[in-house]
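Undergrad: These came from TrEMBL, pasted as-is:
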DOMAIN    274-371  domain 'Ribophorin II second'
DOMAIN    379-505  domain 'Ribophorin II third'
DOMAIN    529-627  domain 'Ribophorin II C-terminal'
TRANSMEM  543-564  transmembrane segment
TRANSMEM  576-596  transmembrane segment
TRANSMEM  602-620  transmembrane segment
């Protein structure tokens, strides 16, 4: 027993951080809400009754010139809709109420809706739509009818306990009074059917509509009948991740159920996840490293109540060293969603860091950010040397960001050298960068060539170009080239390109290179078929044809010598038809050999072959019958 208790304790300790996380990486921001608002606006212009209803739920029209045409439109769409009567009745009546239509709803339709609860409803979906339609109309359902509906709901769920059936039952149960509390026992049966995706998402088969239907209904049942929340905090995070992944929904119904589901999960105080994310691109300047963090609910609103204490543990990702164990993340007085941590006292060096945030010990999130450093050119030398090293190298120093006043000169027997020492501005230590290029640019021809500067054992970047061996790269175009040093890195805040000097390059072979025509029509491409293979000599074809005809010639020869037995040949239609069909096939093959192609031949062969098959079958049956009659007579 002690061992079992120890195992359970270890499992709880190990899973504790997961329970306390309760955070997601994103939320439904203002940009998303604006796009969904446009979906609702577009819904008014559609010819779909359902879209107009959900749009009217989320946008209130005040312009009478817009409302009246819509009221006439939904009446027409209701009569033409192919939806179930209970569903289209709800959308029509609901849209009329939402729009505030002046025209009264047809009494015949209202009478049908009122009397519908007295009949035996066929599904939990029908019960839901009929009950909510009464609610929209402001009609109270008496207790006797409620009891009847609850019993019918129980009967239906015994036959149909699909996710859709349970979802509608969850949503209608709170409207049917205490007698419908039995449905609370079915919530767990539905939740366990959720599918997990990549360990991050939870959804039900059927997508957004079914998932939101069950989640909204399950929370409604729990609230109405005073039951515990239907999902755990970990499940709430995964369901929220799924709903947020569907933010690009394009239909009015999808937009509505998405917002409603996120509101439902955000309203569950004990399990509601929040969004903790970096503000901006996560790149901090080393001179003023300030970490800005947004802490909001799933709809981008400030938390209520706001977190009392938010602390951050800052870790350098490269070596997992801890810079600070407890940094206070304070709220901005002007913005209740923004929290700021000043990291200046830590003096973080250039690199990638992780901030492990904890809000009130309930919400935890790990954020990755980058501290940008500043590069400094400690020294740079540029010069010309002989390719065979027969003479000393002439090097000259250049100070950033200046330019060498003298124009260098190098011919095909020399090489161009450049050496630069890059250091971190804050530590003066040699720096390795992602990009270190030397660019040679000829202003006259507007041509350039780029070389990579390599870092040597002393951490200095070197460039060494043999002029003679690189003439081809320059198209042997002599002239004055500007020397640029380009330094760049994703972790630097002051990447630069520096004009270091100018050099006169002279190549042995001068070639005038015609500029390529980059505009205008390209030369026409004329398609040419493959040249046919050479045919064999005529004599070969004649011999092959003779060999093919030989069996037919021999047949007629043998018939002439041996004779032909035509005693069983009759003038019956099947006999004549079979021989005509068979002969037709032979003639067709001969014509195919002369001029037809395969597809033409097949189109003609199919009807002839079918006719020959049927005639031959009839002929063989007749011959079989004749043989049996002769045998019985003998």
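Glycine is treated like the rest: Cβ placed from N, Cα and C.
Just so you know, TrEMBL annotations are computer predictions that nobody has curated.
Each of these features: where is it, how hidden is it, and who are its neighbours?
TA: Counting same-chain residues at least six beyond the ends of the transmembrane segment (576-596), those with a Cβ under 8 angstroms from any Cβ of the stretch are 604-605, 608-609, 611-612, 615-616, 618-619.
With a cut-off of 8 Å between Cβ atoms, the residues of this chain six or more beyond the transmembrane segment (602-620) that come close are 572-575, 577-578, 581-582, 584-585, 588, 596.
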Undergrad: In the domain 'Ribophorin II third' (379-505), how many residues does DSSP call helix, how many strand, and how many coil?
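TA: Counts, helix then strand then coil: 3 helix, 71 strand, 53 coil.
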Undergrad: Counting by DSSP, what is the helix, strand and coil composition of the domain 'Ribophorin II C-terminal' (529-627)?
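TA: Reading the DSSP string over the domain 'Ribophorin II C-terminal' (529-627) gives 77 helix, 0 strand, 22 coil.
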Undergrad: Counting each residue once, how many in the domain 'Ribophorin II second' (274-371) are helix, strand and coil under DSSP?
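TA: Once the DSSP states are binned, the domain 'Ribophorin II second' (274-371) shows 3 helix, 60 strand, 35 coil.
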Undergrad: For the domain 'Ribophorin II second' (274-371), would you mind checking the mean pLDDT of the predicted model?
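TA: Taking every residue in the domain 'Ribophorin II second' (274-371) and averaging pLDDT yields 88.
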